[in-house]
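Features reported for this protein in TrEMBL:
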type: DOMAIN; residues: 10-478; note: domain 'Major facilitator superfamily (MFS) profile'
type: TRANSMEM; residues: 12-35; note: transmembrane segment
type: TRANSMEM; residues: 47-67; note: transmembrane segment
type: TRANSMEM; residues: 79-96; note: transmembrane segment
type: TRANSMEM; residues: 108-128; note: transmembrane segment
type: TRANSMEM; residues: 140-162; note: transmembrane segment
type: TRANSMEM; residues: 182-204; note: transmembrane segment
type: TRANSMEM; residues: 240-259; note: transmembrane segment
type: TRANSMEM; residues: 279-300; note: transmembrane segment
type: TRANSMEM; residues: 312-331; note: transmembrane segment
type: TRANSMEM; residues: 449-469; note: transmembrane segment
């Protein structure tokens, strides 16, 4: 009983770590673009793509490394190390306005380090996979995804709440800190990191169980020659299924990253929102999507027990397809064009530099004239945007939790640190390429091209899943020790 309690207490600490890693990503995501524009006039929309991608690039590099570390050493070590990196990087982000030049590159670097610290999700996932039986797995993974989703919601919600501090904010002279709506969220994320370190240090214990739920001596103590029978030879894992799961996870994460990156510029272009409106309204929308996704996780838990994991994944992909299909622009209304009188514009940017803050009464809104597609692409209506948000909010969480629940079942009882590292890396790779892809395609060719390409990607994923449907089964089912 004591072991059981300790095991679930440790799993709950992992849930919390997952929650914080996603808060760290989303707490600044809606204000990143205005912050960039405010402190460095030379930053454009395609640079935003690189900044968003930097986080995932850091995570992609770190995941397999932390995964490998956690296979051979106590999990506390990579966890505490990664949280300290994350915490320091958030403080760096809050001070990115201090250097005199190249401020945008400091933001880029700080986001890369925040991402590197978030490489610990591979450790978290492998810990939960190793500490749950096959029966508990879907439920534990769904809970973990729900915590991650809660982080995705509370991030933008906290950001929307902190936007009331305003762009001016307050200056703390002693430590040279400007506390405003852009820096406060990063500092809050750093404070969460401190709490996380304490929990990992004080509560977390090593636990491992096999697919039936029997306690195994932890893999991190295997060097003493105990229970070597639980080490499974490499070739018995179905590598085709592993590769397929990685590809599907890549597609799902790519699509969500595209959606996340594009929401602020798209809404500013199509609905002529100001910077502050875009941060507030998109914060609220992402917040609602998050609450919706928590409901989806609860439904997914029940549905996957009724019909199995694979049909839920297939349904999720179909719903995502509908979500992006709705976003395709049609009709004969065109967006409001933001014409700029060049002389005034250069004066304006100089004036805003002098005051250090752009006056919102001056702020031009609408679709920038240098994006030529604004002149011939029909506008996307608010109703289209919102219904697409709702559909993606159903499809994405279902696909997300199913793809890595399936993956952990395919891997079986082997220590999953490195494999989970690869899965996290493929998700991060997608979140690196997604924003860069969409900010280029969207800026140059417009929403019609961007969303058509996404739709064709989803169709590709559906075809792949259908072709390899029979291979995506649990390790112990494939080896006949458990009947599905």
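Indices start at 1 and increase along the chain as displayed.
Glycine residues also receive a Cβ, built from the backbone N, Cα and C atoms like all the rest.
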Ranking 108-128, 140-162, 240-259, 279-300, 312-331 by the number of C-beta pairs under 8 Å to the transmembrane segment (79-96), which range is first? 108-128
Under 8 angstroms, Cβ to Cβ: which one of 47-67, 140-162, 182-204, 449-469 has the largest number of such pairs with the transmembrane segment (279-300)? 140-162
At a C-beta cut-off of under 8 Å, are there same-chain residues at least 6 beyond the transmembrane segment (312-331) that contact it? List them, or none. 248, 252, 255, 300, 303-304, 377-381, 384-385, 387-392, 394-399, 402-403, 406, 446-448, 451-452, 454-455, 458-459, 461-462, 465-466
Taking every residue in the domain 'Major facilitator superfamily (MFS) profile' (10-478), the average pLDDT works out to 81
Sort out the residues at least 6 away from either end of the transmembrane segment (47-67), same chain, that have Cβ-Cβ distances under 8 Å to it, and list them. 25, 29, 32-33, 36, 78, 82, 104, 107-109, 111-123, 126, 257, 260-261, 265, 417-422, 424-425, 427-440
Below 8 angstroms Cβ to Cβ, which residues of this chain, lying six or more residues outside the transmembrane segment (108-128), approach it? 10-11, 14, 17-18, 21, 24-25, 32, 50-52, 54-67, 69-71, 75, 78-79, 82-90, 92-93, 96, 140-141, 144, 189, 404, 408, 415-417, 419-421, 423-425, 428
